[in-house]
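Student: Take a look at this one; I'll ask things after.
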């Protein structure tokens, strides 16, 4: 009997304890709810909308670039801010309210905002731009913006008038773009003036006992510029040390063989020992200038440059690079380099600007001073941020015009924003190789891209969704 009474007493205690626990839990939930409502009420979004708590940072590595550190927010319902919808998942942003000067826009990759009344612009990354899915039908207030800093070989159809003129705003390597990225691989004028890696000419002359006068470092072989064909021919007239996968005849130390090490101090020290470096781009386009040009200038090595036809507009000084386009044949170029190699005074004329720390090109200085973004600079926006804000600001400019009863300003890209001629074969060799990537791949690809551009434009102008089958049927239509 005593045992039964004890069990009843224990059960009663457990019930009382459970009741107290539930009451305390309920009170905590109520208090938390009050706190969340207070936080919601005091958020800084205008028109009473909620600013959600930030999640941990999201890293998105850009091709060939330093990873961008990007924040994202959970979700935001808004009818007060223009929505900038990234149609390419470049940033990974699920939702972020961005400040662009006095303007604010909501940036997202969430395609559920496609039909939202405040969606004003669609942002595309050129390499990812394809026909599989486009935001159609396109409404009158829908702006399209293109970000494309890379080689045309990544997406040739963008470089034809029918496609490039689909976009209202651009950020490309061209100086004519709405946001020029021509100097995207140059940190600033100070790195050009720096003597940190400069090897004295006397030392370079001594090093010539074991090093060639020229160095070539490429691992992207047989690109549209056909640079390997030129260098292969040049090698028959002058010695070239070739690292990398293309025409390799010399090995880097094991720790420097990874492409990621091409900005390593050890790699710089090796390359800086040479007198000349073959700086050949993978494509020939106006203002398409990569690290292949800027790196030797930073190291105190004379670049032997082939690529942008407009490169003379971007030289630090009038005599700071040897331009391949000024020589009719690789043999002539080899003879000139050999002459400089044996004449210190002639050679020093190409590095005099470096020794004096004088960058005289006003176009280059102005471009560096006025650009709205930085390279590897934590104190400046990166060029993705600058692109987003350019579009945001232009959208707001039109909103303000319409609020005044004025028509919006219509922006439109043109072919100068991505100017690349058809890939061409070098005419120096009378005997063509049995197989050439240029003849067999890049020239046919360029020709087909013309048809793709025309087909895409016709389908987009029709302003309704289309299938891949419809697209390719138009491309290959007789």
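Heads up, the Cβ atoms here are built off N, Cα and C, so glycines get one too.
As listed in Swiss-Prot for this protein:
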DISULFID  389-392  disulfide bond
CARBOHYD  110  N-linked glycosylation site
CARBOHYD  168  N-linked glycosylation site
TOPO_DOM  1-8  topological domain 'Cytoplasmic'
TOPO_DOM  32-478  topological domain 'Lumenal'
TRANSMEM  9-31  transmembrane segment
Student: Quick one: among the glycosylation sites 110, 168, which has the most Cβ atoms sitting within 10 Å of its own Cβ?
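Tutor: Neighbour-count leader: 168.
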Student: Looking at Cβ-Cβ distances, which residues of the chain lie under 8 angstroms from residue 392 (disulfide bond) while being 6 or more apart from it?
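Tutor: Residue 392 (disulfide bond) has long-range Cβ partners 82, 84, 98, 100, 103, 104, 105, 121.
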Student: Going along the chain, which residues six or more apart from residue 389 (disulfide bond) have their CB under 8 A from its CB?
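Tutor: Non-local contacts for residue 389 (disulfide bond): 98, 100, 101, 103, 372, 381.
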Student: Between residue 168 (N-linked glycosylation site) and residue 110 (N-linked glycosylation site), how far is it from one CA atom to the other, in Å?
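Tutor: Just about 21 Å between their Cα atoms.
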Student: Tell me whether residue 168 (N-linked glycosylation site) sits in a helix, a strand or coil according to DSSP.
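Tutor: Coil, per DSSP.
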